[in-house]
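Worksheet: the structure to be examined is printed underneath.
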Amino acid sequence: MSNQNDGWGETATETSAPAPPPASAPVSSSNNDGWGEPAPSAPADNGWADAGASNGGSGANNNDGWFDAPVPPSSQPPKKEASDIQLQDDTEGLITNTFQVEVKLADLQGDPNSPLYSVQSFKELNLHEDLMKGIIAAGFQKPSKIQEKALPLLLSNPPRNLIGQSQSGTGKTAAFTLNMLSRVDPTIPTPQAICIAPSRELARQIQEVIDQIGQFTQVGTFLAIPGSWSRNSRIDKQILIGTPGTLVDMLMRGSRILDPRMIRVLVLDEADELIAQQGLGEQTFRIKQLLPPNVQNVLFSATFNDDVQEFADRFAPEANKIFLRKEDITVDAIRQLYLECDSEDQKYEALSALYDCLVIGQSIVFCKRKVTADHIAERLISEGHAVASLHGDKLSQERDAILDGFRNGETKVLITTNVIARGIDIPAVNMVVNYDVPDLGPGGNGPDIETYIHRIGRTGRFGRKGCSVIFTHDYRSKSDVERIMNTLGKPMKKIDARSTTDIEQLEKALKLAMKGPA
């Protein structure tokens with residue numbers, strides 16, 4: 001079979017596993033067609049009980065040696081709890097398996113065999129045959145690491161909550177997609193699963209993945225974003241994907257739009273953003289309050305800071321947890337460096353000089369402000385360069401068209417804000433430029449390291465090679481870069497924008513890194 005894998009699963013040759021399948025196959029509904037399952041019994045609490053402490057990780061730093069730069073000092077990693085189980089992965093494939101995940105069971109007194117079992121083929125999950133057809137058609141041959149660990153936990157019965165943290169581009173979307181497709185009953189024409197995303201761009205992408213994997217099923221999807229639905233029309237699709245505000249509006253309108261009592265699964269993609277961001281967080285919690293207490297809550301993100309983790313534990317009580325070791329949050333395949341400039345003007349001149357590198361594949365340039373994104377795009381276009389700008393002030397239809405054009409390769413360089421910093425998957429992106437260092441906003445002190453991780457995660461996805469360049473121009477931005485290096489324990493090569501030799505070396509290094517082996 002010609003492999004059309006888009007990176008959601010590994011492409012290594014499938015291997016058989018000697019262990020029996022876990023007790024995780026979905027239970028058939030009364031229709032006995034292999035779809036859906038009986039509604040789980042309601043928990044004793046109201047969904048807001050305190051959960052266990054958040055999980056940490058430890059391990060050695062792995063420097064790829066691309067640049068001869070000293071490794072900055074890093075803080076001592078947190079002490080691992082006795083209840084953490086370290087899982088190794090020996091498979092090979094598209095995704096470079098250099099990181100480790102830790103699985104924390106919600107109930108350590110239960111049978112450890114099923115939750116700890118890691119499948120090595122999709123067949124071991126006892127999925128419906130129509131889902132297996134979709135997996136094959138999508139080019140999957142073998143689960144990625146996060147899928148291997150998460151799917152047995154997600155599909156086990158009775159359903160359990162799950163909090164999953166794994167680096168960008170490792171297949172989280174396909175994992176929760178298979179769970180939703182397995183939990184809903186296609187013979188019932190009403191929403192039974194909801195997936196919340198922080199942006200319309202990410203919501204549209206998630207719908208595409210669900211439609212691709214579920215193409216041989218009778219499961220329908222509905223995109224719940226501003227302007228996508230008539231306020232008086234009833235939703236007859238089984239899976240809703242959308243942004244918080246629109247979903248709250250739908251749920252508040254009651255049974256004439258959809259029946260909240262039928263919802264079985266609630267998924268938060270980029271959960272830390274949904275929980276922490278003012279406005280989005282309130283709407284996300286409102287959605288939870290409008291749903292039955294026995295809904296399976298599934299939270300996924302590439303990052304979870306301690307504060308967000310505390311809220312996640314309350315949002316998804318007694319959840320199974322899958323975490324990356326903290327020092328493995330960034331991807332080794334991404335070559336990180338920073339360009340030292342003297343002024344804002346020199347930053348633009350350096351970006352313009354690097355245009356030939358930006359179009360080797362595709363590139364995303366992240367700015368702090370919308371006006372900056374537009375200004376840079378206008379200047380580059382006036383100089384004859386083909387670029388586009390994208391941010392939240394543009395009309396919805398225009399945003400969709402711009403991102404579709406970039407995804408299809410019509411545009412090589414996209415100048416944008418954080419609107420696509422999270423979750424967006426465009427495999428051809430092999431370079432990310434942080435034109436402005438992400439900061440914590442008004443009242444914040446220092447760089448927003450989580451946003452930095454998400455930004456550079458737009459490249460180097462699914463084990464592909466990629467480069468990240470961050471621009472500095474004053475004391476604060478240089479200090480912020482030092483803090484990023486110290487926190488991540490990842491060295492960056494300094495390039496002097498004033499040096500013609502350095503710029504030439506940078507161009508050669510970038511071209512070599514993006515064309516040669518990672």
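Any Cβ shown, glycine's included, is placed from N, Cα and C.
As given in Swiss-Prot:
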- 1-85: region 'Disordered' (REGION)
- 44-53: compositional bias 'Low complexity' (COMPBIAS)
- 120-148: motif 'Q motif' (MOTIF)
- 153-322: domain 'Helicase ATP-binding' (DOMAIN)
- S166, Q167, S168, G169, T170, G171, K172, T173: ATP binding site (BINDING)
- 269-272: motif 'DEAD box' (MOTIF)
- 333-503: domain 'Helicase C-terminal' (DOMAIN)
Any further residue of that chain within 8 Å (Cβ to the Cβ centroid of S166, Q167, S168, G169, T170, G171, K172, T173) of the recorded ATP site:
S144, I146, A302, R461
DSSP helix/strand/coil residue counts for the motif 'DEAD box' (269-272)
2 helix, 1 strand, 1 coil
Validating a neighbour-count step here. Other CB atoms within 10 A of the CB of T170 (ATP binding site): how many?
29
Please give me the CB contact count at 10 A for Q167 (ATP binding site), counting all chains in the structure.
24
DSSP helix, strand and coil counts for the motif 'Q motif' (120-148)?
17 helix, 1 strand, 11 coil
Around K172 (ATP binding site), how many other C-beta atoms are within 10 angstroms of its C-beta?
27
Check G169 (ATP binding site) against DSSP and tell me helix, strand or coil, would you?
coil
If you draw a 10 Å sphere on the Cβ of S168 (ATP binding site), how many other Cβ atoms land inside?
27
